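Here is the structure we will look at.
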Ligand code: EPS
């Protein structure tokens, strides 16, 4: 499967074309809209989210509640477009609006300056409109479809927030919590955190950042359960699934790092406290008593839950000005803004969930075919039986 997105933050809509989704996957707009709504929520979001109410439209590839196997086209409209249509128009901007809302002052931490130099745009709006995290709305729609595909094979995906600024949540015991528990608890938490005490402190930290005109980042974690052994491959560098997931996480706006399993902690521990011993039982087949490697060995899934974390930097659009240089005058100035999220980490956890789901679903289709859901189910069943007795 593959997908591409198009769309500007204040353009008429976000669009995605998805290719390679198997036929006969049951899907409804309501299921996708539920994920779009999850992404819009979260303590620390700014005023733009009061304008938008993201809803998906399928404009190709889905009929009568099922995928047909044809390319799928998805659209999410930007409600803010009504305020921007004369500025963001595809046709010539009329005289009255010429020169309005142009950007000559690059914001530190954004794509503005690098993109402007690269594409030779004197008006940096042409860069910021596309680099904006608004694009994550349509990626969540694509990921939602991937989650639906995985759920047909009892593979479930969830996310939660591990850290916001200085506040770290207690490490959850994933042996004690089911995916359903994680979903239920995070859905009720304004910061999508499993640790209620930490969640309160996270909200206070967001309040404080906001009061100070600052922004705050954090760490999100994605968990995938029910994964069969052998998704991805060791045979070639670009077929390693953990590598693909790392790239997908790093592709989310404002993400600066990725960890799988214990991640960077592996550097501090001896090998005997890193690797997961192998066991076998009639009921489970091969399994591990621990999951320090986060479900991956040799770029392939090992049947344990996938556990991956990503770090989001604080949003660089700050009320507290940072120094920059005007590209027209070359004079220094202090960047100031009209509106921003002070923290988008809870929303970003939903985006991380979506992009990880996409990569796992894609690897699943590579292993079990991607023409027809029923055919894939038969293949999975015989493979799992064989793997148990292997
Ligand atoms: C964003 C800036 C803000 C955010 C936006 C991402 O938008 P605006 O410039 O219109 O105030 O609200 O996020 C979304 C629109 C969204 O859907 O998440 C940015 O510069 O990345």
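Using the three backbone atoms N, Cα and C, a Cβ is placed for every residue, glycine included.
As given in TrEMBL:
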- 39, 45: NADP(+) binding site (BINDING)
- 130, 131, 132, 253, 254, 298, 313, 314, 315, 316, 317, 339: FMN binding site (BINDING)
Practice problem: Quick one: pull the CA-CA distance for residue 132 (FMN binding site) versus residue 45 (NADP(+) binding site), whole Å only. | Solution: 15
Exercise. Under 6 Å from ligand 1 by C-beta, which of these binding-site residues make it: 130, 132, 254, 313, 315? Sequence order, please.
Key: 132
Quiz item: Can you tell me how far the Cα of residue 313 (FMN binding site) sits from the Cα of residue 45 (NADP(+) binding site), in Å?
Solution: 15
Self-check item: Among 254, 315 [binding-site residues], residue with fewest other Cβ within 10 Å
Solution: 254
Quiz item: Given the binding-site residues 39, 130, 313, which one has the fewest other C-beta atoms within 10 angstroms of its C-beta?
Solution: 313
